[in-house]
There are 4 protein chains.
Amino acid sequence: MKRKDDRKVGQIFQAALKLVVSKGLSGITMGDISKAAGIATGTLYVYFKSKDELINALFAACRENSVAHSFKGYDPAQPYKVGFKHVWLNILRYRLHNFEEAVFMEQCYHSPFITPETREKASRLAAPYNELLERGKKEQLLKPVDTGLLITFLVGSMNELVKQTHYHGTTLTRTRINTTFDMCWDALKS
Amino acid sequence: MKRKDDRKVGQIFQAALKLVVSKGLSGITMGDISKAAGIATGTLYVYFKSKDELINALFAACRENSVAHSFKGYDPAQPYKVGFKHVWLNILRYRLHNFEEAVFMEQCYHSPFITPETREKASRLAAPYNELLERGKKEQLLKPVDTGLLITFLVGSMNELVKQTHYHGTTLTRTRINTTFDMCWDALKS
Amino acid sequence: MKRKDDRKVGQIFQAALKLVVSKGLSGITMGDISKAAGIATGTLYVYFKSKDELINALFAACRENSVAHSFKGYDPAQPYKVGFKHVWLNILRYRLHNFEEAVFMEQCYHSPFITPETREKASRLAAPYNELLERGKKEQLLKPVDTGLLITFLVGSMNELVKQTHYHGTTLTRTRINTTFDMCWDALKS
Amino acid sequence: MKRKDDRKVGQIFQAALKLVVSKGLSGITMGDISKAAGIATGTLYVYFKSKDELINALFAACRENSVAHSFKGYDPAQPYKVGFKHVWLNILRYRLHNFEEAVFMEQCYHSPFITPETREKASRLAAPYNELLERGKKEQLLKPVDTGLLITFLVGSMNELVKQTHYHGTTLTRTRINTTFDMCWDALKS
DNA sequence: CATGAATGAGATTTCATTCAT
DNA sequence: AATGAATGAAATCTCATTCAT
């Protein structure tokens, strides 16, 4: 992706995300995206040389954004559970406020659009999460099981919670958030 | 005359599911499906009057299948946790053995294919799960929180576990299964 | 066309005619025809070996019917104008009561369905009309112009009259009929 | 950017008309039209969003053209019969030179293509003809009968004449034209 | 004979991409 | 760089015809 006008790339990404939520990854066309972004179809090709590249770039951008936000304000000096909850809340908030990204990522998971390279690049970004959970196990606060399994639980429950919240219009009160966190913690704690 | 062959619908469904896993929902065409099902493209239209209808029918069938399997062998007379684990294992096994269906369902969720009617029909099938969790709350074995939240944990963690297992080729040993069940139970138990 | 069941051929013809009026010659399919005739699609091919043959057979049948009715009750011994009006009325009545046939014939005129053979067979049936007009010229009652031109006038005005009557729901009173006949006669009379 | 070329619509219309004459309305395909117009099939959809819309637009255009030509050079100040013959000749000439349009219109009449809106729009354009005949009745030159009936004769005889001329290769000599006009006038005059 | 499911060629339509302006 | 008309390959869908029952 070239660097002609970064605002335009943002418009394109926003347009694509909105469309994926409403029409699904399989339903969006370059025409739709350009229209929603307020530019001409041909202009898309100034920024991305194909639909594939556009989707991959968006996937990578979402992933980076998401990880970056997760650890904002995380202070390793704090007690483990405090830091863990901080990250957990970061993730929750990020996904709720950027629901479109979450949907897009899920749709991408089984699509032929995402290349192995992009996929691998994404999984490399998971390192900080691994470290966080390893630390918990080292401090004997988390169950001494495979880290992958712990992440699975963390991610899976979070994903579903965000979807539920979004679709059923449940407002996430402080109490509900705490309840949910407690459930997650109960699952992971040793 | 040639009689409409009921097995043919099954072949079509199998073909479509296989293709969604390998090429994504956006990648499958009626031509691909018919070829994979070993019939002529036109024949698809004998059974479904459009691609839309085919996808909706498959979606509904998957959902029904899945629910039906979940409660196979479930005996309400047994102690709660025993029955709960039985259902949990049913779901896990079903999803692992029918991974294609899970992928398909996920891809469908945000697609323009699934009509509101299909969606509603699907959600009506969730009733048995609700009842199972309500019973747990009544027996004071599960946390006295919103049933939706309990299901969220159940489903979310399971989904992610299945995906992980499938993609990372982890073999689900008896131990690993029990560990995972314990995490789930810990999250839900009061 | 074979002779399996003449009533069935009639049903097929009726169905085809009805459909041509409502959907046009270009809009009818063998499926439509069979459904409207209350038989299976395959059965059509017992009676006609192709769609082309069906259309041609129907065309020929309509044409024969129409000519046969035109001269019913015509008595050459009567004075010319009386006989002429008799035929004119026959044609008018026939077309009004068999409007579907008229529409079908018109649609066929410029269609590639009708083969040259069918077309020629049809024009051979025009002989009686020619004779009728020749006689009028011989008796010096009609204008001494090309017979084709006279027929053109006769047919053209009749066609349009029938369409008008049918579509605008005008009821053809005896007076209106007489007025119309007079106009036609005025055009042709010497 | 490439500018939409207004002549392209004309090319498309010409191509469609030519094809309807040679293959009938049921025989033309979007592929044929585009090929005959010298453009890619997809380009047709830049100008018309479906085959239906193309046919309707062509129908409307033909109708407008035809009416516009009919009154070219008509001067209400001239004696009635002179003006009437002028219009009559205009129509005749137009139909002979634009035979394809006439065929197309006829085929369209009973086709599922033409929408009620298009049909109504077309009939509204008949007003000038009505006025012309009303004037003739007011001047007591035409029979005091329903205007619709007068138009019926005018149009019906003309249509058939044009068809005859076209198909039987009769050359329309000045004499033949005058003869025909006289027949028409005799039919209508009081 | 009658049936209607099955076929596949061909029709309509879509859409990623290119290109002239 | 930006535009959107033009393209044509590929997708969806239709339908005359065949064929197994």
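Using the three backbone atoms N, Cα and C, a Cβ is placed for every residue, glycine included.
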Pick from B:29-48, B:89-108: which range does TrEMBL record as DNA-binding region?
B:29-48
Just to be sure I understand, if DSSP states are collapsed into helix, strand and coil, how many residues of the domain 'HTH tetR-type' (B:6-66) fall in each?
52 helix, 0 strand, 9 coil
Quick one: mean pLDDT on the domain 'HTH tetR-type' (B:6-66)?
93
